[in-house]
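Marked as domain 'ClpX-type ZB' by Swiss-Prot: 5-58. The annotation Zn(2+) binding site is assigned in Swiss-Prot to CYS17, CYS20, CYS39, CYS42 on the grounds of sequence analysis. Residues or ranges marked as ATP binding site in Swiss-Prot: PRO121, THR122, GLY123, CYS124, GLY125, LYS126, THR127, TYR128.
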Amino acid sequence: MSKVSNSGSEPKNTLYCSFCGKSQHEVRKLIAGPTVFICDECVELCMDIIREENKSSGIKTRDGVPTPQEIIEVLDDYVIGQRYAKRVLSVAVHNHYKRLAHQSKNNAIELAKSNILLVGPTGCGKTYLAQTLARIIDVPFTMADATTLTEAGYVGEDVENIILKLLQSADYNVERAQRGIVYIDEVDKISRKADNPSITRDVSGEGVQQALLKIMEGTIASVPPQGGRKHPQQEFLQVDTTNILFICGGAFAGLERIISGRGEKTSIGFSATIKAPDERRVGEIFHDLEPEDLVKFGLIPEFIGRLPIIATLEDLDIDALVRILSQPKNALVKQYQHLFEMENVELTFHEDALRAIANKAIERKTGARGLRSIMEKILLDTMFELPALEGVQKVVISSDVVEGKARPLYIYSERVEDKENVSA
């Protein structure tokens, strides 16, 4: 806006900031809008307010880092069980970001980064734990499949593509990406194919482990914004991986036999001792895991050395699977109930139906990952028929429905029943 000065000290038609009232002569820059003006000082003040609000988002302590107890409380809302793994992860993540928060304050002692290895059976929640952690800390997160990675120069993905995905999740903000979390799934599939080093080159196994060593420990990675192999002439972005937290996960099928057989002396003949088979569950055996077992499995010692924190997860029993179906904030039962609510229909499950679904998942040895496919199969016909039916108020699923002995029970509203009686 412009004002006419009567005092004679200010020239006529002087422009003023609409927010702080300073004149154009008191500030460096005055930006014009359709009907208002804003000065550079007010713009900087607004930016400071926005930055402070962004910093205060999420659960933060006075140091800007959530405590392990706060992390576990949020994890409990989404992930059922796995108390030991949650404790290990919450402490590791808290220490990692506390290290970053105090890095610039005291350079006398340099704290090393501690990456994490998650070991557990299929469908026990390894991937979901990592995803939930990234959401709690509010940092960029990306997930990579180790089975698609190969050494540079071979068909497949370079390990630098992992950093590219992290950069994309941070909207190409290099500073944010350098504080992110990378989860590498199926890391057990890049184990060495044999105990002894092979004469032929193992480009998808040991070769990938060797390629991952540097970015996991900390290096300046040259990342091509559009992917390396299709656009070789493009400029590279420099990303420091020193402060990126790497979490690796895998099912490690067969590792339990290596752990159980550790220290056994084999003998033959009549004097041979026969040891009873280990009847513990896989998750319980994993609690006795030592780094030497991973070396026997096929991971190279240098790779294991980059993963000092090992968290083992237990296989899920029926009670845990039933709780996974119904208790978390985004439980499967709640998801399907919400889906049915869109048709104005209430969906209910008997307790024995949930146990039958959990039992099917255990029989298939798919863990929590297999629950959705079982639910889809049970509700397929109902979801097909429901949009064309009128007056259905409620659908009830019993254990007989899960086992294929009966159809879901449809309960109609009274008005539809009255219409049917009149027409009859």
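Glycine too: its Cβ is placed from the backbone N, Cα and C atoms.
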Candidate nearest GLY123 (ATP binding site) in space, where candidates are the binding-site residues CYS17, CYS20, CYS39, CYS42 and distance is Cα-Cα:
CYS42
Determine which residues of the same chain, besides CYS17, CYS20, CYS39, CYS42, have their CB within 8 A of the center of the CB atoms at the recorded Zn(2+) site, and list them by sequence.
SER18, PHE19, GLY21, LYS22, VAL27, LEU30, PHE37, ILE38, ASP40, GLU41, VAL43
So if I draw a 10 Å sphere around the Cβ of PRO121 (ATP binding site), how many other Cβ atoms end up inside it?
21
Taking Cα atoms as reference points, rank the binding-site residues PRO121, THR122, THR127 by distance from CYS20 (Zn(2+) binding site) and give the first.
THR127
Enumerate the residues of the same chain, PRO121, THR122, GLY123, CYS124, GLY125, LYS126, THR127, TYR128 excluded, that satisfy the criterion Cβ within 8 A of the mean position of the Cβ atoms of the recorded ATP site; list them in sequence order.
GLY120, GLY249, ALA251, LEU313, GLY367, ALA368, ARG369
Binding-site residues compared (CYS42, CYS124) - highest count of Cβ atoms within 10 Å:
CYS124
Report the same-chain neighbours of THR127 (ATP binding site): residues 6+ apart in sequence with Cβ closer than 8 Å to its Cβ, ordered by sequence.
MET143, TYR183, ASP185, GLY249
Helix, strand or coil at PRO121 (ATP binding site) [DSSP, three-state]:
coil
Could you say whether, by DSSP, CYS20 (Zn(2+) binding site) belongs to a helix, a strand or a coil region?
coil
According to DSSP, does THR127 (ATP binding site) sit in a helix, a strand, or coil?
helix
Whole-number Å value for how far LYS126 (ATP binding site) lies from CYS17 (Zn(2+) binding site) (Cα to Cα):
55
Among the binding-site residues listed here (CYS17, CYS20, CYS39), identify the one with the smallest other-Cβ count within 10 Å.
CYS20
Which one is it: of the binding-site residues PRO121, THR122, CYS124, GLY125, TYR128, whose Cα lies the shortest distance from the Cα of CYS42 (Zn(2+) binding site)?
TYR128
